[in-house]
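Asker: TrEMBL lists these features:
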type: DOMAIN; residues: 93-474; note: domain 'Major facilitator superfamily (MFS) profile'
type: TRANSMEM; residues: 97-114; note: transmembrane segment
type: TRANSMEM; residues: 134-154; note: transmembrane segment
type: TRANSMEM; residues: 161-180; note: transmembrane segment
type: TRANSMEM; residues: 186-206; note: transmembrane segment
type: TRANSMEM; residues: 218-238; note: transmembrane segment
type: TRANSMEM; residues: 250-270; note: transmembrane segment
type: TRANSMEM; residues: 298-319; note: transmembrane segment
type: TRANSMEM; residues: 331-351; note: transmembrane segment
type: TRANSMEM; residues: 363-382; note: transmembrane segment
type: TRANSMEM; residues: 388-411; note: transmembrane segment
type: TRANSMEM; residues: 423-446; note: transmembrane segment
type: TRANSMEM; residues: 452-473; note: transmembrane segment
């Protein structure tokens with residue numbers, strides 16, 4: 001009985017001397033702050049009879065008024081923040097300069113792929129092929145290695161100065177490479193200088209462009225990263241023409257000039273979004289936000305990305321050799337590579353567009369599965385030009401999602417406040433995955449040097465495993481199967 005009595009609420013001290021007409025109704029019931037579950041139900045216009053009595057000292061106040069004021073302020077601040085956030089996001093969507101940003105990002109992506117088309121023009125078999133192949137591989141690896149330090153440079157001097165520095169490096173690297181007579185000289189000029197410059201342009205464009213889009217972020221990033229696909233489609237033909245007409249040395253120099261002009265245009269067009277909602281500019285003391293690495297969702301996303309990136313370049317890298325093995329001409333092999341680049345551009349744009357409507361993670365899962373299945377069940381049995389073309393069209397289109405959805409999914413996981421650090425760390429963790437073709441080649445050498453079965457299994461299984469990991473990522477974000485993520 002004593003325990004039960006202790007739970008009976010204490011009645012308020014009511015002074016009836018000056019208010020004989022006092023009546024306790026529903027609006028004048030004494031409530032503690034723990035009973036107020038929704039601040040939006042509080043009437044902030046007119047004080048209730050209970051409030052008037054408390055303020056006049058007629059009833060003893062146990063903290064109700066002070067708690068009520070705190071909740072009113074909290075609700076008002078929350079409502080004001082939501083309205084401000086919606087207003088700023090609407091301003092982003094209505095800002096016409098975002099399309100200029102897209103053009104700048106497109107140009108920056110287009111020139112960042114000129115890394116491994118030049119190697120074989122000067123030496124022509126006079127040096128070890130493996131030694132020469134690392135010129136492009138090392139340069140490509142800088143795209144990930146520069147990830148952690150690029151935010152530091154951006155906070156120190158600004159995005160445009162970083163891009164200008166990248167323009168100088170990438171252009172000078174190509175021009176100086178034209179004077180190279182030894183492979184180690186190419187390592188310095190093309191691998192280090194050109195690779196660092198291309199990495200700075202790529203990372204800055206990937207960091208800035210998503211800031212200017214909210215509702216159409218997937219579509220916008222698809223258009224932007226299609227620049228590298230178009231660059232990969234056009235540049236081999238340009239370089240072949242230059243090499244045949246001017247020679248290998250002048251091919252480098254002309255490409256250096258073209259790169260300089262295109263990069264300068266991209267540098268002038270790209271700029272950071274001012275007054276970005278939910279984001280703050282990276283400070284000097286915050287070179288990169290390593291707290292992202294503690295987010296299990298980000299770790300899952302990095303694992304999925306490594307698996308897909310390991311296998312992404314394998315078909316395009318070994319396709320010419322496969323075409324030759326089954327009796328196709330070198331020209332037919334070149335056509336297959338060109339078709340791959342063309343459909344890959346379409347895949348990047350369309351996957352981004354679909355991601356805006358049904359969810360970027362959902363689209364990524366579907367496209368990854370189809371990539372894996374096409375490798376296992378189409379490429380494995382391809383023994384003619386037609387069957388190889390069918391595989392290239394399916395795989396080339398579907399694999400476009402690997403790059404177009406990279407930034408939107410990262411932004412979904414980290415939020416725009418941590419996105420610059422998130423994308424740079426993601427690219428850094430992808431560094432090892434860029435050696436996927438070399439790993440696939442090692443697997444082939446250990447099994448059967450005259451068969452491409454190892455490449456086909458490696459590509460298919462890596463993509464399917466990546467799709468399953470991405471499915472788990474979707475579950476951690478939103479457990480519902482049909483949820484838009």
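Quick reminder: no glycine exception, Cβ is built from N, Cα and C everywhere.
The shown structure was predicted, so the numbers you read here are calculated from the model rather than taken from an experiment.
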Asker: Determine the mean pLDDT over the domain 'Major facilitator superfamily (MFS) profile' (93-474), rounding to the nearest whole number.
Answerer: 81
Asker: Between the stretches 161-180, 218-238, 331-351, 363-382, 388-411, which wins on the count of C-beta pairs under 8 angstroms to the transmembrane segment (250-270)?
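Answerer: Between the stretches 161-180, 218-238, 331-351, 363-382, 388-411, 161-180 has the largest tally.
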Asker: Under 8 angstroms, Cβ to Cβ: which one of 388-411, 423-446, 452-473 has the largest number of such pairs with the transmembrane segment (363-382)?
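Answerer: Out of the listed stretches, 452-473 contacts the transmembrane segment (363-382) most.
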Asker: Counting Cβ pairs closer than 8 Å, which of 161-180, 186-206, 388-411, 423-446 has the most of them with the transmembrane segment (298-319)?
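Answerer: Ranking 161-180, 186-206, 388-411, 423-446 by Cβ pairs under 8 Å to the transmembrane segment (298-319) puts 423-446 first.
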Asker: Are the transmembrane segment (423-446) and the transmembrane segment (218-238) close enough to be called in contact, which here means at least 3 C-beta pairs under 8 A that are separated by 6 or more residues?
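Answerer: Not in contact, no.
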Asker: Out of 186-206, 218-238, 331-351, 388-411, what stretch is closest in contact terms to the transmembrane segment (134-154), meaning most Cβ pairs under 8 angstroms?
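Answerer: Answer, by Cβ pair count: 186-206.
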Asker: Counting only residues 6+ away from its ends, which parts of the chain sit with a Cβ under 8 Å from the transmembrane segment (331-351)?
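Answerer: Sequence-distant neighbours of the transmembrane segment (331-351): 218-219, 222-223, 225-226, 229-230, 232-233, 236, 315-316, 319-320, 323-324, 363-364, 367, 385, 388-389, 392-393, 395-401, 403-405.
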